[in-house]
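Trainee: First, the structure itself, so that you have it in front of you.
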């Protein structure tokens, strides 16, 4: 029984190759495809469609829709499989993200920006630390995300935040507190997803608007997975940070030395993504940032 549980966890880890001993994962939520176990609708309940193991959320000219996790988490990995809006998706945004609460919140964003038929979807990632965002990167995917399901994940520990597409890292944000740069490490986050209309900016800078004659628009999900440290609402954030970090008496898989940085293969994958697919990086936008943001100066991977 223990072996089976470990095996399921190894399969979901996906950030390094090979087996390793993992001890003390009592607070981790096992992988599951059961939406109702982990999540609940946040708004527009009538825009949810269940088809067997699939969940569809709908955008029409009345409303979008969204859902959120029942619990909050600190460190670990969250994953969804998603098939994006087919055909003319201009103006639509499907989001998958983690976020804490309040004006000084932390947040890790995937935003999938629709486009006109035949034009590629683009993916925008962003990261907020202590309420400060403006760290956008955009890339074109190396596949059509509307034709089949693909896997999107966020991995988070005390050393790095990694955005992954089909287990390929597309972005890394490294802890550089030793250089005076804040890092998200003390606020539990919920896991969220939504579909909404953003035709004021999403497609070609807002020049192409949503064509409502093509509505409704559906984003389709399956295989929701959360393998992370669950944080009770009643526990203070600072205490959660301690309880979700490894110590002498407990060892969590996300704190393993292997996961402190990308391995060589993953570093090569990220280099390939940056060379072939990223077309906007806030670190290179001198119009917005005449002074290069501090994390951009020091990051090996942005």
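Any Cβ shown, glycine's included, is placed from N, Cα and C.
Not my notes, these are from TrEMBL:
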type	residues	note
SIGNAL	1-28	signal peptide
DOMAIN	23-221	domain 'GH16'
ACT_SITE	107	active site, nucleophile
ACT_SITE	111	active site, proton donor
CARBOHYD	115	N-linked glycosylation site
Trainee: Please give me the CB contact count at 10 A for residue 107 (active site, nucleophile), counting all chains in the structure.
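Mentor: Excluding its own Cβ, residue 107 (active site, nucleophile) sees 18 Cβ atoms within 10 Å.
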Trainee: Looking only at C-alpha atoms, tell me how far the residue listed as 'active site, nucleophile' is from residue 115 (N-linked glycosylation site), rounded to the nearest Å.
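Mentor: That comes out at 25 Å between the alpha carbons.
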Trainee: Take every residue in the domain 'GH16' (23-221), average their pLDDT values, and give the whole-number result.
Mentor: 92
Trainee: Among all the protein chains here, how many other CB atoms are within 10 A of the CB of residue 115 (N-linked glycosylation site)?
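Mentor: Within a 10 Å radius of the Cβ of residue 115 (N-linked glycosylation site) lie 20 other Cβ atoms.
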Trainee: Using Cβ atoms only, which residues of the same chain lie under 8 Å from residue 111 (active site, proton donor) while being at least 6 residues apart in sequence?
Mentor: 93, 94, 95, 97, 123, 124, 125, 126
